[in-house]
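Copied over from Swiss-Prot:
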type    : residues       : note
DOMAIN  : 105-302        : domain 'ATP-grasp'
BINDING : 133-188        : ATP binding site
BINDING : Asp256, Glu269 : Mg(2+) 1 binding site
BINDING : Glu269, Asn271 : Mg(2+) 2 binding site
Amino acid sequence: MSTWTGKRVAVLYGGRSSEREVSLRTGAACADALRQKGHDVVLLDVDLEVAARLRAERVEVAFVALHGRFGEDGSIQGLLESMAIPYTGSGVLASAMGMDKTVSKAIFRSLGLAVADYRVFPRASAGSIGVGDLPFGLPCVVKPAGEGSSVGVHLVNEAAELGPACRDAASHAGDVIVERYVKGTEVDVAVLDGKALGAIEIVPANAFYDYAAKYTAGTTKYFYPARLPEAHVRAVMEAAEAAHRGIGCSGVTRVDFIVAGDGTPYILEVNTLPGMTATSLVPKIAAGLGLSFPDLCERILDGAALKA
């Protein structure tokens, strides 16, 4: 029997971030899965009245299915802490650090994890960034520091592409990060309660795993387990666990890497609230271990707690 059987569960989804549509899909899928397990579930689209709605619904535990700003950055976690409502996923500080790529990259380096060379630029200077500002040259990857789901991320191969890419990244949350492009195999690792579940290999139809490739069915191929030498898989899973611990995460995370030809796992980011849609990677990895989607959602729910 689940820890929260018989309790009123709110699945928090939607919200105001650029990842709202993905969150709506995640929340709907998770709510349906929890209902299949017999839980009393209410879906709440997070808005400025969410605190009053949580009280009105007499919510006893929250399943956080939000992505991006105001949901994955510690904001909703702080509200739930102040209302003494246990919730799934990471706490306020870990969520904030995981969301801010500038902060998380510094932490990864302090842990001894491999991080591709990068530069951070204020949003105000985005229009003046040139190739001469990049000691690692081209190709490079441009991204906003405070977004997820590859929102505002660009692969830049030519100098003429750099300015538009930086200006677009600056239109999103956070500073502009420009990092050296690492050629290799894209691999994501699911971590649940501090333990790596497995590593999945991602092969997009195009050269870059962007927003469309992530959320459009049929545009990307996945291989589980990842088609890498055993030693490389072991290294990437150990790095994922170290990143999960180093940020101070709880519950389930997805840690993204590029594994170079020599087996070095270059960490990209930790997703403290990974997608849980039909095309999402954590459910794919769990399914490969024989863990059904409803069982996975209940495992995540069982870990709900106050973290402050």
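If you go along the chain as it appears here, the first residue is 1 and each next one adds 1.
Glycine residues also receive a Cβ, built from the backbone N, Cα and C atoms like all the rest.
Just so it is clear, the model here is predicted, and its values are computed rather than measured.
Where Swiss-Prot records a feature, it is marked here on the structure.
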residue : record                : DSSP (3 states)
Cys140  : ATP binding site      : strand
Glu147  : ATP binding site      : coil
His154  : ATP binding site      : strand
Glu161  : ATP binding site      : helix
Asp168  : ATP binding site      : helix
Asp175  : ATP binding site      : coil
Val182  : ATP binding site      : coil
Asp256  : Mg(2+) 1 binding site : strand
Glu269  : Mg(2+) 1 binding site : strand
Binding-site residues compared (Asp133, Asp256) - highest count of Cβ atoms within 10 Å: Asp256
Between Glu269 (Mg(2+) 1 binding site) and Glu161 (ATP binding site), the C-alpha gap once rounded to whole angstrom: 24
Spatial neighbours of Asn271 (Mg(2+) 2 binding site) among the binding-site residues Asp133, Cys140, His154, Val182, Asp256 [C-alpha, 10 Å]: Asp256
Inter-residue C-alpha distance, Asp133 (ATP binding site) and Asp256 (Mg(2+) 1 binding site) (nearest angstrom): 26
Cβ atoms near Asp175 (ATP binding site) (within 10 Å, other residues, all chains): 19
Which listed residue (Cys140, Val182) has most other Cβ within 10 Å, given these are binding-site residues: Cys140
Under 8 Å by Cβ from Glu147 (ATP binding site), same chain, sequence gap 6 or more: Ser18, Glu19, Gly68, Arg69, Val153, His172, Ala173, Gly174
Cβ atoms near Glu161 (ATP binding site) (within 10 Å, other residues, all chains): 16
Cα distance (Å, whole number) from Asp256 (Mg(2+) 1 binding site) to Asp175 (ATP binding site): 20
Protein Cβ atoms within 10 Å of Asn271 (Mg(2+) 2 binding site), excluding its own: 23
Three-state secondary structure, which DSSP defines for Asp133 (ATP binding site): helix
Cβ packing number for His154 (ATP binding site), 10 Å threshold: 20
